[in-house]
Amino acid sequence: MTRTPVNVTVTGAAGQIGYALLFRIASGHLLGPDVPVNLRLLEIPQGVKAAEGTAMELDDCAFPLLRGIEITDDPNVAFAGANVALLVGARPRTKGMERGDLLAANGGIFKPQGKAINDNAADDIKVLVVGNPANTNALIAQAAAPDVPAERFTAMTRLDHNRAISQLAAKTGAAVSDIKKLTIWGNHSATQYPDIFHAEIAGKNAAEVVNDEAWLADTFIPTVAKRGAAIIEARGASSAASAANAAIDHVHTWVNGTAAGDWTSMGIPSDGSYGVPEGIISSFPVTTKDGTYEIVQGLDINEFSRARIDASVKELTEERDAVRELGLI
Ligand SMILES: NC(=O)c1ccc[n+]([C@@H]2O[C@H](COP(=O)([O-])OP(=O)(O)OC[C@H]3O[C@@H](n4cnc5c(N)ncnc54)[C@H](O)[C@@H]3O)[C@@H](O)[C@H]2O)c1
Ligand SMILES: O=C(O)C[C@H](O)C(=O)O
């Protein structure tokens, strides 16, 4: 059976995450081994030549699922008919830059991209924002796309989710595949809260298996939350292959569903669940099915978790207020 190719737009295609991401999309890891794709690569004019080089390499792989590659510096072209958009390109924080400057610089990227998605993307568009500050960049893009259902704009906390699983597996000696129902709450930043109180290790409650609140507070949470900075310190560059892998996982799970008895973490527009103010893009535990997601409801949030969720959500509301003041939403 021949399937219609899915149009996948990647921004920042010539960057280091782009380089780790594009080959996996083209080989079928994003959407599935039987789903053909057209790639649309968006770069700034200075990045177009490098993106063309990557496209030459993609050609040289002769991927059976890759039906076409278009490279452009025009967001309206890049998002035309897009079914999936991975917004990776962003303005990094540079020396002496205040948080407000960073938000303003990224507003200049994500506001026009949101508008271009609004005006040009396919009706079933799904957006994942990877570029930092990912949650608030997603909010800016979503606000600029009033004709697209708000829930289609998501931010990546899957890397944090994967990091937390790996740390928990190392601590307990469990296999990664035995760990389920872990949650990242809040912002993709150092305030994020990786929650193991509802997680399971081979069917047993993870917090009970660990039974060490000091390790949780003083080792696990800071290790996961500051892992991005630790990678930068060690590698001299921010995470790229693991970030690309998480982007693949995020979209694959969104499209293909979570396994029975498990959930994942996604940054999504809050509906007010768990006391998170409606509208901000915060990470929640979600299950996915048939291309849609739902927040896992009814979890009992203990005092330890409540304080940490509230702290991260407070940071998100401050970021929202800052971009509102800048007229970006
Ligand atoms: N959410 C997460 O878990 C996570 C993890 C790792 C990295 N990140 C973030 O992802 C982003 C990209 O990281 P990277 O290592 O690939 O950076 P990079 O600097 O290697 O690449 C970024 C690319 O984006 C391009 N770009 C800049 N503005 C653009 C625009 N307006 N339109 C299209 N392209 C544009 C640049 O030319 C560059 O090629 C950064 O913001 C980084 O902090 C997020
Ligand atoms: O790019 C960064 O600042 C770090 C990145 O978000 C990460 O979590 O690895």
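First residue shown is number 1, and so on along the chain.
Note: Cβ is positioned from N, Cα and C throughout, glycine not excepted.
TrEMBL does not curate its annotations; it predicts them automatically.
What TrEMBL says about this protein:
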ACT_SITE  His188  active site, proton acceptor
BINDING   Gly12, Ala13, Ala14, Gly15, Gln16, Ile17, Gly18, Asn106, Gln113, Val130, Gly131, Asn132  NAD(+) binding site
BINDING   Arg93, Arg99, Asn132, Arg163  substrate binding site
DOMAIN    7-146  domain 'Lactate/malate dehydrogenase N-terminal'
DOMAIN    157-323  domain 'Lactate/malate dehydrogenase C-terminal'
For the recorded positions Arg99, Arg163, His188, which one has the sparsest Cβ surroundings, going by other Cβ atoms within 10 Å?
Arg99
CB contacts for Gln16 (NAD(+) binding site) [other CB atoms within 10 A, all chains]
16
Determine, using Cα-Cα distances only, which of these recorded positions is closest to Gly12 (NAD(+) binding site): Arg93, Arg99, Asn132, Arg163, His188.
Asn132
Can you figure out which of Ala14, Gln16, Gly18, Gln113, His188 (the recorded positions) comes closest in space to Asn132 (substrate binding site), comparing Cα atoms?
His188
Under 6 Å from ligand 1 by C-beta, which of these binding-site residues make it: Arg93, Arg99, Gln113, Gly131? Sequence order, please.
Gly131
Close to ligand 2, in the sense of Cβ under 6 Å, among Gln113, Gly131, Asn132 as binding-site residues, are Asn132
Of the recorded positions listed here (Ala14, Gln113, His188), which is spatially closest to Arg99 (substrate binding site) when Cα positions are compared?
His188
Tell me the Cα distance separating Arg93 (substrate binding site) from Ala14 (NAD(+) binding site), rounded to the nearest angstrom.
18
Provide the three-state DSSP residue tally for the domain 'Lactate/malate dehydrogenase N-terminal' (7-146): helix first, then strand, then coil.
63 helix, 26 strand, 51 coil
Could you tell me the C-alpha distance between Gln16 (NAD(+) binding site) and Arg93 (substrate binding site) in angstrom, no decimals?
16
So for Gly12 (NAD(+) binding site), how many other CB atoms are inside 10 Å of its CB?
23
Can you tell me how many other Cβ atoms are located within 10 Å of the Cβ belonging to Arg93 (substrate binding site)?
15
Comparing the Cα of Arg93 (substrate binding site) with the Cα atoms of the recorded positions Gly18, Gln113, Gly131, His188, the shortest distance belongs to Gly131
Which whole-number value in Å describes the distance between the Cα atoms of Gln113 (NAD(+) binding site) and Arg163 (substrate binding site)?
29
